[in-house]
Amino acid sequence: MLLIGVAGTELSAQERDWLQHDAVAGVVLFKRNFASRTQVAELSAAIRAAAPRPQLICVDQEGGRVQRFREGYSALAPLQSFGALYATDPEGALAQARAHAQLMASEVRASGVDLSFAPVVDLARGNRAIGDRAFSDDPQVVASFTRAYVQALHAAGMGATLKHFPGHGTVLEDTHVDHASDPRPLDVLLAEDLVPFVAGIDAGADAVMMAHVVYPQVAPEPAGYASRWIEQILRGQLGFRGVVFSDDIGMAASFSAGGVAGRVHAHLDAGCDVVLVCHPELVAESLQAVAGRTLNTAALIGLIGRGALGWDGLLADAPTTSLSASFGTLA
């Protein structure tokens, strides 16, 4: 199945046609798709109305520099701010992370959007793309935050997506623009980067997003193209039973599988349930690529339509209103 990107704040005729395709499971929204709270709710409704089957509508609303919906939404802190507090006040830091998750999820759901791809559970060890998106460089600290964040998302009615498996934080390269390779063996990864993923899976995480990083001592392909990582380690060894998302096939580190069709097939063949096609110019070719494939159409049902509050419902919710006052609102 595919999660696709659309170009603007309203659906075009071509995009409505795409949503009719059996392989399209939903839409990923970006800054380019956002103008206001009202508009994004209308866009979400239009996406659902255009498709003959339920659609999963997603966004990256992590906080800090990765927050696609801004004006009219709470200013969410980057996750690293909670990690910094943990050294002096661990319980307070975990409580703030739970509040962050609850507020983010409530506002996203109020907009008619099902899922924010969160939390980032990579280690904060110098990666250019991750940076302050990660809680900490300590695996056990990140594991504690991961458990708390997953539980808070569930309490707010949203699924949890752990990213970027099996850990993107230690390589320096940004896989949006470059290839990345992590030379460490599996036993080291299990003792370090994979610790938060294990904690999140144990806490009931609903989904995992793969990294476009190569770990050559484990598999020769980027993790999202490697059945060794997805089928043997994630599902087999770690016992994960949820949804596996690829990362975006428009990123430079994904190009090792060849053209658009090659990337789509490589992810699906490796065991990904859903391939992210975030660039609209890649959607038509991706749809051609999946023609004739058997698709796991039931995989996303548990993430779709958990019941949007609407903004009236959100504002009437006293705990969420007090959280918003604590974090502040973007004008």
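Even glycines carry a Cβ here, placed using N, Cα and C.
Here the structure is a predicted model, which means the values were calculated and not measured.
Straight from Swiss-Prot, the features:
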- Asp60, Arg68, Arg133, Lys163, His164: substrate binding site (BINDING)
- Asp174: site 'Important for catalytic activity' (SITE)
- His176: active site, proton donor/acceptor (ACT_SITE)
- Asp247: active site, nucleophile (ACT_SITE)
Review point. When you tally the Cβ atoms that lie within 10 Å of each candidate's Cβ, which of the recorded positions (Asp60, Asp174, Asp247) has the highest tally?
Key: Asp247
**Study point:** Alpha-carbon distance [Asp60 (substrate binding site); Asp247 (active site, nucleophile)] in Å
**Key:** 12
Point to revise | Rounded to the nearest Å - Cα separation of His164 (substrate binding site) and Asp174 (site 'Important for catalytic activity') | key: 12
Review point. Using a 10 Å radius around each Cβ and counting other Cβ atoms from all shown chains, which of the recorded positions Arg68, Arg133, His164, His176 yields the largest count?
Key: His164
Review point. Can you check what DSSP calls the residue listed as 'active site, nucleophile', collapsed to helix, strand or coil?
Key: strand
Review point. CB neighbours of Lys163 (substrate binding site) within 10 A?
Key: 25
Practice item. Report, in whole Å, the straight Cα-to-Cα distance of Arg68 (substrate binding site) from Asp174 (site 'Important for catalytic activity'). Key: 19
